[in-house]
């Protein structure tokens, strides 16, 4: 592990840090996930975003199943050291497992959440019928 990379990062009690993926060109927030030290190290080593799945309890590379990888252009750490922003190039234009550009596709509209972004590709086409 790279000591310089990790020493400023404040991982929580579970060994995780919040990671925000933001489109490097449009600046749109595409997704928020979690990283452990291994995922952060792999991200730096490979240049592609890696995360830690809390539900599956394992490290994974974004796009390993879908092909929608995230090429990291820049890493930034916030002033408290507890959140990482990755400026990325999103392969295929789809970051969300629902087949949308962003996981933030719901918009508050006068008392209800409404879907603001269209599905670009159906989940079954991306992952097959087993997902």
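For all residues, glycine too, the Cβ spot is worked out from N, Cα and C.
According to Swiss-Prot, the protein carries these features:
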- 78, 80, 82: Mg(2+) binding site (BINDING)
- 79, 96, 103: Zn(2+) binding site (BINDING)
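Here the features listed in Swiss-Prot are placed on the structure.
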residue	record	DSSP (3 states)
78	Mg(2+) binding site	coil
96	Zn(2+) binding site	coil
103	Zn(2+) binding site	coil
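Put simply, residue 78 (Mg(2+) binding site) is 21 Å from residue 103 (Zn(2+) binding site) when counted between their Cα atoms. Among the binding-site residues 78, 80, 82, the residue whose Cβ has the fewest other Cβ atoms within 10 Å is 80. Comparing residue 96 (Zn(2+) binding site) with residue 82 (Mg(2+) binding site), their Cα atoms are 23 Å apart once rounded. Summary of the Mg(2+) site environment: with the site residues 78, 80, 82 set aside, the chain residues having Cβ atoms within 8 Å of the Cβ mean position are 10, 77, 79, 81, 83. Residue environment of residue 79 (Zn(2+) binding site) contains 6 other Cβ atoms, counted within 10 Å of its Cβ in all protein chains. Its Cβ placed at the centre, residue 96 (Zn(2+) binding site) has 18 other Cβ atoms within 10 Å. The local packing around residue 103 (Zn(2+) binding site), expressed as other Cβ atoms within 10 Å of its Cβ over all shown chains, amounts to 17.
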